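A.B. asks: Okay, these came from TrEMBL:
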- Glu93: active site, proton donor (ACT_SITE)
- Asp240: active site (ACT_SITE)
- Glu334: active site, proton donor (ACT_SITE)
- Glu352: active site (ACT_SITE)
- 633-722: domain 'PA' (DOMAIN)
- 793-808: compositional bias 'Acidic residues' (COMPBIAS)
- 847-865: compositional bias 'Polar residues' (COMPBIAS)
Amino acid sequence: NQVLEMFDHAYSNYMEHAYPADELMPLTCRGRVRGQEPSRGDVDDALGKFSLTLIDTLDTLVVLNKTKEFEEAVKKVIKDVNLDNDIVVSVFETNIRVLGGLLGGHSVAIMLKDKGDSMQWYNGELLHMAKELGYKLLPAFNTTSGLPYPRVNLKFGVRHPEARTGTETDTCTACAGTLILEFAALSRFTGTSIFEEYARKALDFIWEKRQRSSNLVGVTINIHTGDWVRKDSGVGAGIDSYYEYLLKAYVLLGDDSFLERFNTHYDAIMRYISQPPLLLDVHIHKPMLNARTWMDSLLAFFPGLQVLKGDIRPAIETHEMLYQVIKKHNFLPEAFTTDFRVHWAQHPLRPEFAESTYFLYKATGDPYYLEVGKTLIENLNKYARVPCGFAAMKDVRTGSHEDRMDSFFLAEMFKYLYLLFADKDDIIFDIEDYIFTTEAHLLPLWLSTANQTISKKNTTTEYTELDDSNFDWTCPNTQILFPNDPMFAQSIREPLKNVVDKSCPRGISRAEESLGSGPKPPLRARDFMASNPEHLEILKKMGVSLIHLKDGRVQLVQHAVQAASSLDAEDGLRFMQEMIELSSQQQKEQQLPPRAVQIVSHPFFGRVVLTAGPAQFGMDLSKHKAGTRGFVATVKPYNGCSEITNPEAVKEKIALMQRGQCMFAEKARNIQKAGAIGGIVIDDNEGSSSDTAPLFQMAGDGKNTDDITIPMLFLFNKEGNIILDAIREYEAVEVLLSDKAKDRATIFKGKMIPNYILDSNLEMENMDQKLSENDSHKQDSEEATSASQDVDAGSEEPEEGENSDVTDPDSLSPAHADSDSVSISDQDSHVPGSDEASAPEPACTQGDHQPQEQQTETESNSKVNWDSKVQPMESILADWNEDIEAFEMMEKDEL
């Protein structure tokens, strides 16, 4: 009854305050509409303006015996939901939540119709919507490997110019491997086999690419080549539901190959990852080596999967360890260390632990798991309940809230909690006739014999050696799970009763913390500030010394022997490991595809290329290959934060403005209103440069930015000053804004250029290739020095090709430069350390690097004849004089 009341509180508030929005924001009592709230990054990819929470909740209503509300909800979905939105969504999230929600809703709708009590009007409308959505997801599978792109545009697919996606190269293993249940169910329900075929192909490819010696898979895979991008392996985020769907695909579809694959992986998991009661990530090539010292909360589903597999003992052990963590922190933190400290403090009301609790109660009948469920209910009501629903925890240590209530909270949490406490009479249908998807949607087991269009050729055992003993514990179980001992589960739990308290330092109360007494929590890498004296003192205690490098970076080195105590040394080691992970994560976030600002007017002629940061709004230059070309003009006021007072100077030009005092999007709107065709924001931080600072994207202002149609780029102070200096010297300066620098033949297409300019350019290309080779040898030795200097900081090795002392215009694109591209060293370039994301250098020329032979050769080429095209003499003379001046400038190479 309590679960029903809690569900009503959450569901009614969503319907009252949020519907038809995708999710409820329970603190502000309104709906979350994508584009109208500040972006949360990848989390928002689940939102597609398709009333996500309502679709995700459909079959929960029937499980909770709310058939009247279910009927009303189905009518609303049919009438109101539009799946043809111009919006980019996650293939994985849309599949498990929306496609799964529609199929689960259809499954229970036809069940109710067959019973004759309700839904007599229903004629497969939800299934038609599911099929429509299935076809909208199919373009994502347009890869040679069969692995889907991680995102798809519901209206335009992937490759369409307006799709705004399709450039990704990587996807997570779970993202590509968690499709088979929904796609196969869609094929079996409709008789259209293509969905199941695509999902099987993706699963087959992942199986082929597993690491053969360990039989493990990595977290992230390249969708085109099948190379593992992240080579760590576990059962949590990024991989979790891949394993789940192998076992459940066998249960639903009856295909032995899925069970054999699962058992092969399971054997590897129990051999390498399972360290009871912990489940720790390892490297797929070196599975005896732990990849990290913390676990994420998504692995809480694994004990439930082990129950389905029939391996109860480790399921009880891991579940008990997780429950001890929950008793300590009220909720399961997003991540926690091997000694059970909080690693990531958020908790978005995830249901995985409740799922495992339900399965363990079903398997053991032990009333202990009812007590566990009661604790979950009490904590939700006590700490997460707010007037407009239930709010996610921002920090389990402080109890602070986040304005979010994800759809999975209604789809899964209440379903599992209700089933945990419900008697058979409380459920209006036999739950044993269905299997749960990873989003807890119900698919009927009779699908295994419906519309079997896929051949069941077993390709697994052809090249796999399997340990037969691993099949003793499988479904259906061939052994008795428990001896005749009602205390069986308790006997396994007992040794783990105090595992968390033994490993953890004494927790401190709020009172102790406010009084300043009691031990303080250890310093976390994400909180560290090099300018904070207190932090520096803590580092000293932990044996960590801080070295300021000449280029402004900070290097950390730990010597355990210098720590104040062995506990401090442990804290120091953990701090360093966190710092490595934080640095690695920031590098990944910062490796954005840069954009190019190319000065094309006299006397530069495209030879000066400045590395620019993109914007999250306005014209996407990667989709407009020609770029935007125009003369530059400085706006008044220079910050661009109010109405432009010199619109006549800015009209039809590319506006220059300074960073600061207002949002980037506001600047863009002001210059667009003044008639500008593009904008460049120059950093106000004196001396900043893409040499030393990582690029970033200019963010929107939290509002809809579709009204901004012009391209916007960001230049650091050093690069911006190159344009400002050029304006002071030459007045009229023309630039090209593009996704990557263009060669001069493209820039001046249709305009007369003397042959000697083009010929000298070719000569420079050949010479600069040699320079590139010389510089790369020099760079190798510098990188070796840099690596030896930074090794104590524990930084990860840079990706291949990340550090570069030579930049050419084409290197501004993420792809490798063509061999014939012009390569010019930057005067101020340096080899970044491995703890720094290396941004491409601005391609400016330097006279010292141009050999004398090249100048001589270029001068001889200046005597080549002009093309015989008819032009007015004045025009020819003017062009000639302009080109001679340019040639003289090229000789001096003053820039």
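Don't overthink the numbers, they just go from 1 along the chain as shown.
Placement of Cβ uses the backbone N, Cα and C atoms for every residue, glycine included.
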A.B. asks: Could you give the number of helix, strand and coil residues in the domain 'PA' (633-722) as assigned by DSSP?
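C.D. replies: For the domain 'PA' (633-722), the helix, strand and coil counts are 20 helix, 17 strand, 53 coil.
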A.B. asks: Let me check the 10 A CB neighbour count of Glu334 (active site, proton donor). How many other CB atoms are there?
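C.D. replies: For Glu334 (active site, proton donor), the count of other Cβ atoms within 10 Å is 20.
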A.B. asks: Glu93 (active site, proton donor): which of the active-site residues Asp240, Glu334, Glu352 is the nearest Cα neighbour?
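C.D. replies: Among Asp240, Glu334, Glu352, Asp240.
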A.B. asks: If one measures from the C-alpha of Glu352 (active site) to the C-alpha of Asp240 (active site), what distance in angstrom results, rounded to a whole number?
C.D. replies: 11
A.B. asks: Expressed to the nearest Å, what is the distance separating Asp240 (active site) and Glu334 (active site, proton donor) at their Cα atoms?
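C.D. replies: On Cα coordinates alone, these residues lie 14 Å apart.
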A.B. asks: Taking the domain 'PA' (633-722) alone, what is its mean pLDDT?
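C.D. replies: Across the domain 'PA' (633-722), the average pLDDT comes out at 89.
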A.B. asks: CB neighbours of Asp240 (active site) within 10 A?
C.D. replies: 25
A.B. asks: Counting across all protein chains present, how many other Cβ atoms fall within 10 Å of the Cβ of Glu93 (active site, proton donor)?
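C.D. replies: I count 24 other Cβ atoms within 10 Å of it.
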A.B. asks: Around the C-beta of Glu352 (active site), how many further C-beta atoms are within 10 angstroms, looking at every protein chain?
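C.D. replies: A count of 24.
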